[in-house]
Structures are given as C-alpha cells and as structure tokens.
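A short worksheet on the structure shown next.
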Ligand SMILES: Nc1ncnc2c1ncn2[C@@H]1O[C@H](COP(=O)(O)OP(=O)(O)OP(=O)(O)O)[C@@H](O)[C@H]1O
C-alpha cells in the first residue's frame with residue numbers, strides 16, 4: 001500500500017494533491033448520509049417522524065395565527081409504499097416561502113426567535129420531504145391556501161441535494177375546500193411496525209393540546225380527538241436573552257452587533273430583566289474581576305503613634321501655614337471618619353479637602369500637592385515604620401516600656417491582617433501561628449508595593465487567593481501546622497469582604513470588542529449578579545389544572561397531582577418544568593410506572609433511556625413517596641403514570657431528532673423539584689389511603705364482634721341490647737350523625753345530632769331530604785322544595801369531642817333521607 005508518507009519528498013506538491021480531493025459538502029448531502037440524526041433511521045421510525053414534524057408544524061402555525069388547530073392525518077398503503085397526508089387549517093404559506101420551507105434544509109422562522117415553539121431548527125419538514133424522495137423517488141405534493149386567498153397554490157417538489165435548494169416539478173393554482181391551511185402528501189418506503197409509538201404520539205399530543213382537534217386514520221384504525229377547550233394556549237412573546245447562562249461566544253457576537261456604546265447601555269438594551277440598577281451591579285462584579293478590589297486599612301487609633309496631620313503637613317510645601325494646616329486637618333479628620341479606607345477612597349478624601357481649602361484660602365492645590373498628600377497618608381496608613389524618622393525618639397522611648405499596651409509591636413499591615421485572619425480561622429489555631437501567617441501575608445502586600453507593582457493594594461480575588469496560599473504554605477512549612485483549604489478560603493472571604501470595589505469606568509463596548517479576557521469577566525459578572533428570573537410571557541406552560549385534566553382525560557386513575565415550577569434559565573433561555581402523576585384506578589399494577597415525556601407540548605416517544613427526564617425519575621427514591629422501587633433506584637413499580645413537561649425557548653435536545661432532553665444540570669434540578677412536588681401529594685394521598693384502609697379493617701372486625709358481645713351481655717344481664725353504632729363510633733373516634741324522632745302530639749320532633757369523636761375539628765355538609773314541609777328550622781339551615789321533597793341543608797362546624805344538633809318539626813308520616821358530606825366515609829357513622 002502506498003502511503004502518502006512513503007511518497008513524501010519524492011514528489012513535490014503533495015499538499016496540492018490532497019487539496020484537490022477536498023470539497024464542500026452540501027448540508028442536504030450530509031443529512032442524506034446521516035438520516036438517523038433526524039429520526040429517519042428506519043421505515044417504521046421514518047413514518048412516525050414525518051407525522052410528528054408535520055403535526056408539530058401545523059400546531060405551531062395555527063397557534064401562532066390564533067387559530068384553533070384542526071388537523072387531519074392519514075396513512076394509506078400505496079403499492080410498495082405508504083402515503084402520508086397531513087392537512088391543517090393554519091394560516092397557509094405564501095407562494096414565495098412554500099418551496100423553501102419544504103425544499104430547503106435549515107430554513108425556518110424560529111431558529112433565531114426566543115419564544116417557545118415546537119419547531120426550532122428549520123429542518124423537520126424538509127427532512128421528511130428528503131426522506132420521502134430518497135426512499136420512493138416521488139416528490140412532495142403540497143397544497144396551501146392563505147387566509148383570504150381565492151385559490152390555493154399547488155407544488156410538487158424535491159430537495160436538490162447538491163445545492164440544498166427546492167427543485168420544483170409542478171407549480172399551479174388550484175381550488176381547495178379549506179378556506180386556509182396546508183396539505184402535505186408524502187410517499188415513502190415505510191411500515192407500520194411503530195404503530196404503538198404513532199398512536200402514543202397522537203394520543204399524548206391530544207392530552208397536552210386540549211385546544212386541538214386531531215384525527216388519525218391509518219390502515220387499521222381510526223381515532224378522533226375532539227378538542228376539550230376553545231382556549232388557545234397563552235400567546236407567547238419573543239424575549240431578549242437573559243444574562244444568566246449566555247455563553248462567552250454569544251456575548252462577543254452581541255457586542256459586535258449592538259448599537260450601544262457603553263457596557264451599561266449594552267446590558268440594558270440587549271438583555272431581558274436588566275435596568276440601570278442591575279447593569280450597575282453587573283458592572284461592579286465586572287470591576288471586581290477586571291480591576292480587582294482595593295484593600296481597606298483601618299485609620300490609626302488615637303493610641304497609635306501616627307500623626308496623619310504631620311504626615312500631610314510635611315508633604316505639603318509652599319502653601320502657607322494656614323492653608324497647609326487646614327488641608328492637613330481636613331484630611332486627618334476625614335480619614336478618621338472612615339472605619340476602613342482604600343486607596344481610591346483616600347484619593348477622594350484628599351481631593352475634597354484640597355477643593356475645600358482652595359475655596360476657603362484662595363490657594364491652588366494642584367495635582368502634585370494632592371499626590372504627595374495621598375502618598376504620605378497612604379504610607380502612614382499601611383506601615384507605621386515609615387514615620388519612624390520623625391518619631392524615632394518617641395517610639396524608642398515607648399518600646400522600652402515592655403508593658404505599654406498602646407505601642408503596636410507589629411506593623412499596621414500585620415496587625416490589620418492578623419485581626420481578619422484570627423476571626424476567620426478556627427479558635428484552635430495558635431495565636432503565634434496566626435501572627436506568623438499575618439506577617440507573611442502582609443509581606444506580600446508590602447513587597448508588591450515596594451516593588452511599585454501594586455502601590456494601591458489592588459487585587460483580584462484570584463491574586464488574593466495566591467497571597468493567602470503563599471503565606472499559608474510558608475506557615476505550614478516553618479511552623480509545622482496545617483493550614484487547610486477551609487481556613488484559607490475563610491481568610492480569603494474575610495479579606496475580600498473588607499476590600500472595596502474600585503470605581504474605575506468600565507471599558508466602552510468598542511474597547512471590549514476585541515478583548516476576550518475582559519468580555520469573559522463581564523460574562524462572569526453577569527452570572528454572579530442576582531437578576532430577576534426571565535419573564536415567562538415567551539413560554540406557554542400547560543399549567544397545573546390542565547395537566548391534571550389531561551391526565552384525567554387519558555387515564556382512569558384514583559388520584560392525580562400536578563406541579564408547575566417557576567421559570568429558570570439555561571443558556572440565556574428561560575424554561576419551565578411541569579410534572580404530573582396519575583395513580584391507581586385502571587392503571588396496570590404490574591410492571592414499572594409509565595413515564596410520559598413532553599418538550600414544548602410535543603410528546604417524546606423515542607430514546608427514553610437517553611433522556612434527562614428518565615434519568616431524574618430513576619434517581620428519585622420512590623419508596624419515600626410510597627411507591628415500590630426494587631433495589632431503591634430505577635423506575636418505580638405500580639399503577640402510576642409520571643409525566644414531565646419541559647417548556648423552553650430553546651430545549652436542549654440530545655440530537656436534531658428531538659427525542660430526548662440533554663443532561664443539563666439546571667434542567668435536571670428543576671425536573672427533580674417538579675416531580676418531587678407532585679410526588680409529595682401522592683405520598684400524602686397514599687398515607688391517608690393506608691390509614692383509611694387500616695381503619696376500615698378495624699371497623700369491620702368491631703362490626704362483627706360487638707353485636708355478638710352485645711347479644712351475649714343482654715342475654716346474661718337480662719337487659720336491653722346496648723347501642724352498637726354509638727359504641728363503634730366512639731371506639732373508632734368517628735363522627736356520628738344520628739337522627740332522633742319523637743311524636744309530639746301534632747307531628748314529630750326531629751333532631752339530627754352530630755357527635756365529633758375525632759381528634760380534629762370537622763366541617764360537615766348535611767342534607768336531610770324530607771317528604772313533608774319542615775317547620776321550626778334554625779337560622780343556619782336552608783330549605784328548598786323540589787317535586788314534593790324538602791331539601792334541608794345544614795353545614796355545621798363541630799370541634800373535636802363536641803356535639804351539635806339540628807332540630808325541626810314535621811308532620812306525622814313524613815319520611816327522611818340523610819346525606820352527609822365533608823368527612824371521609826371511613827371516619828363516619830350515620831344512623832337514621
Ligand atoms: N403547516 C405549516 N403551516 C404554516 N407554516 C409552516 C408549516 N409548516 C412549516 N411552516 C413554516 O416553515 C418553517 C420550517 O419548518 P420546519 O419543519 O422545516 O422547521 P421548524 O418547524 O422551524 O423547526 P424543526 O426543524 O425544529 O422542526 C417553520 O418555521 C414555519 O415557519
């Protein structure tokens with residue numbers, strides 16, 4: 001075999017030779033070879049995917065136009081092929097756009113829109129056309145009529161795979177009975193082996209789109225899903241990206257495209273949820289990262305031998321004694337007013353002192369005088385020894401007295417850093433060790449200043465971490481102690497906490513444009529700033545009520561729960577996760593629970609195992625929620641359906657075929673929280689059901705034993721049999737509702753007594769139906785007559801261990817019927 005290597009050197013121009021075989025690959029050609037990526041990997045699957053693409057588009061288009069969708073899908077055998085027909089009542093397509101929509105890959109209206117829609121990439125339907133033409137050789141036949149048009153347009157076309165352009169074979173106008181809409185006819189090599197997936201897709205689409213009317217006619221079966229509501233989903237609006245989660249590359253692109261000049265304007269104009277205040281916070285975060293923060297040192301205490309006044313006076317020349325004294329006074333006082341002061345704050349102090357003295361004394365305090373004063377005070381602040389020249393004699397005298405508490409025995413930097421490190425580290429650390437650490441830490445500041453590298457003590461957090469690490473490493477080495485990561489982080493936090501953000505102006509947009517590092521700091525700043533969640537008007541969640549309603553429509557269960565989370569952000573796009581659970585009833589008790597996955601109201605029928613949704617369901621400990629879960633992980637067993645819906649302006653799918661949601665941590669967290677929210681409701685339902693079952697069991701046993709005992713007791717004692725119902729109600733802590741009737745001459749006196757033997761207060765709704773007109777009813781009861789029956793309604797609140805009664809009179813011979821609501825049947829004994 002001749003390799004290129006073996007011929008290298010023998011022949012010139014190998015690169016040119018190689019270059020000849022290089023050529024551009026058309027997108028259509030690429031997809032022709034990678035059909036599986038788009039969900040067309042087999043005849044069975046291809047048919048389902050084509051239906052899905054056409055129906056999703058039809059729903060998107062109708063909703064966007066404010067039309068209640070009416071969609072007809074037909075699959076018929078056509079010789080060796082299958083013919084797919086999808087008709088919608090949407091707004092239709094114009095003559096100009098139609099050929100591109102169906103005959104050009106990556107052409108669509110939604111790719112750039114930050115708005116929830118089923119379609120995203122502009123590939124779906126043209127890929128179906130491509131699949132049909134590749135497998136059957138037949139063109140797609142499209143009819144479309146726009147609203148108000150007198151006739152429809154009819155096209156027969158294929159995708160020209162060489163240049164990814166539509167190749168039209170027939171183009172004519174035609175009549176069509178639909179006033180507006182689109183009809184697609186595709187012939188393809190296919191089979192019905194994925195019939196179940198097809199049915200699931202259509203059925204589940206109906207569940208989450210109760211406003212749509214769907215019809216599916218296939219060779220064997222025919223389904224119609226009538227719409228359950230005339231309410232279209234909330235209209236969505238396009239939004240700008242949210243600052244949380246936009247990638248660096250996106251921001252760099254946005255910076256080149258924006259009309260804003262300043263970073264603040266850029267942030268406010270191009271992102272959602274950013275006003276002036278939020279932009280300022282982002283810029284502060286940017287400053288911390290880009291310029292760093294400045295260390296703030298404490299001003300000298302009066303007991304310290306530091307005379308700021310003298311320092312300023314000595315550094316100020318030719319300004320006259322009065323002006324100089326006033327200048328020095330103003331600075332010393334202002335510094336003293338600060339709890340801590342950074343270099344840029346000192347600059348402000350000196351500037352305002354100079355301005356004030358200039359006004360009062362008519363002397364000019366130029367830049368040099370101001371700079372000298374700043375330097376003198378800064379030196380005094382950060383290191384007392386700098387002043388020793390002037391105060392040497394005093395200091396020597398003071399240090400001679402060992403027990404003089406007012407004498408600082410370390411430099412001010414060491415003392416300042418010692419204070420912070422001591423507070424931040426565990427009390428177990430030796431004082432001396434902390435002191436030694438503070439000395440090494442201070443040396444880093446001091447060395448950098450002396451070397452004129454960092455006169456202002458300005459550090460980024462990373463630089464500060466390096467200072468702390470170096471000082472801690474040395475302390476570990478020389479003092480033979482451990483200075484662990486937590487202690488180091490605590491010291492960094494404490495020092496960073498007292499440091500001050502520098503007020504330097506951020507770069508202009510054009511300066512940021514080619515500065516990758518600065519832009520990266522801006523992106524980090526955006527992420528670190530607390531920003532309100534994005535508006536949800538771009539999203540159309542199903543909502544809790546409709547999830548439950550959808551589940552109820554589809555599954556005959558005993559219990560339904562649903563949860564809709566607040567919006568979160570991923571990659572600058574907002575998303576909302578919803579979950580629903582149906583349990584019991586007719587759901588199959590054997591095997592694992594069914595997981596239904598939806599993204600932007602589209603059922604996901606393939607690649608269940610590759611989906612973040614399934615992963616999250618499996619990772620939850622379902623035993624905590626009352627479901628059986630063999631081995632404590634994986635899908636739970638039992639009669640349950642778990643449904644998850646992810647709605648986003650950009651759902652992160654694992655591939656272009658949009659079958660599975662990718663494992664994005666932010667999204668997984670929300671999926672988990674939504675499922676847990678619904679699962680908590682399931683848990684309390686199951687707990688209650690279990691305790692009710694136990695109660696019923698106990699009651700059944702009592703109901704059997706007590707009458708036998710009562711009979712025996714009566715026999716032995718010769719007395720009347722005791723009242724069993726009352727006894728059971730008391731033993732079981734039940735609510736007992738009992739009717740008493742007494743003859744009272746003209747008629748009967750009725751009393752309905754409620755005895756609450758339970759441990760909770762109860763609110764009941766009692767309806768007593770009487771066949772004669774009742775009289776003497778209390779005010780809190782209402783009565784309505786219907787067809788010779790009187791409905792007495794009474795809603796008493798009865799505290800635990802209390803009782804109340806409804807009393808009235810009625811003619812002789814009247815009959816009664818009591819209906820009690822508000823208390824579970826297991827906790828209720830009704831005796832009439
Ligand atoms: N039935 C239809 N009625 C009206 N417009 C349609 C219809 N089908 C498609 N369109 C338009 O054609 C565009 C392209 O559709 P296509 O299916 O190729 O991509 P998509 O739906 O935008 O994205 P995806 O590739 O994710 O499905 C859509 O964005 C929409 O504007």
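The backbone N, Cα and C atoms fix where each Cβ goes, glycine too.
Quick look at what TrEMBL lists:
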BINDING   57, 88, 109, 110, 119, 120, 121, 122, 123, 124, 125, 126, 658  ATP binding site
COILED    668-695  coiled coil
DOMAIN    42-192  domain 'Histidine kinase/HSP90-like ATPase'
REGION    390-409  region 'Disordered'
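Projection of TrEMBL feature records onto the structure.
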{"residue": "57", "record": "ATP binding site", "DSSP (3 states)": "helix"}
{"residue": "109", "record": "ATP binding site", "DSSP (3 states)": "coil"}
{"residue": "119", "record": "ATP binding site", "DSSP (3 states)": "coil"}
{"residue": "125", "record": "ATP binding site", "DSSP (3 states)": "helix"}
{"residue": "658", "record": "ATP binding site", "DSSP (3 states)": "coil"}
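Max Cα-Cα distance over the annotated ATP binders (57, 88, 109, 110, 119, 120, 121, 122, 123, 124, 125, 126, 658) is 22 Å.
Each of the binding-site residues 123, 125 was scored by the number of other CB atoms within 10 Å of its CB, and the largest score is that of 125. Across the binding-site residues listed here (57, 109, 119, 121, 658), the residue whose Cβ sits among the most other Cβ atoms within 10 Å is 658.
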